[in-house]
């Protein structure tokens with residue numbers, strides 16, 4: 001969900017038509033579908049209000065995910081983890097620090113380095129060329145055709 005909303009944010013042709021198609025799927029819900037679509041769009045078509053909704057929801061979901069992750073860590077710290085075998089032996093336990101902390105730190109640093117190189121030196125590698133065309137309701141990209 002967060003990834004799709006992030007895809008809408010550049011507001012290019014592909015983003016615009018992706019938002020149109022995906023939000024229109026809600027219209028298949030009986031009775032309330034059209035109302036949901038109108039609410040998602042912020043009007044009667046995909047427009048600037050849709051972009052504002054997407055921007056707000058994209059950032060709100062980030063904080064919700066961080067909050068749920070922190071609640072999960074707090075619960076794990078408070079109650080401990082569960083053993084799927086049901087054996088509660090002190091001998092089978094591994095200390096979280098330093099083993100898991102160091103493992104996670106190495107993973108996060110490797111991810112940050114890889115992601116930073118990708119973002120700063122090759123930001124457009126996976127971008128679609130049609131997404132650099134400003135969003136236009138009156139024209140669809142030529143390769144998008146009905147099946």
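Glycine residues also receive a Cβ, built from the backbone N, Cα and C atoms like all the rest.
Because TrEMBL annotations are produced automatically, they should be read as predictions rather than curated entries.
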Per TrEMBL, the range holding transmembrane segment, considering 100-121, 122-143: 100-121
Helix, strand and coil residues within the domain 'Cytochrome b/b6 C-terminal region profile' (86-147) as assigned by DSSP: 33 helix, 1 strand, 28 coil
Per-state residue totals over the domain 'Cytochrome b/b6 N-terminal region profile' (1-85) - DSSP helix, strand, coil: 64 helix, 1 strand, 20 coil
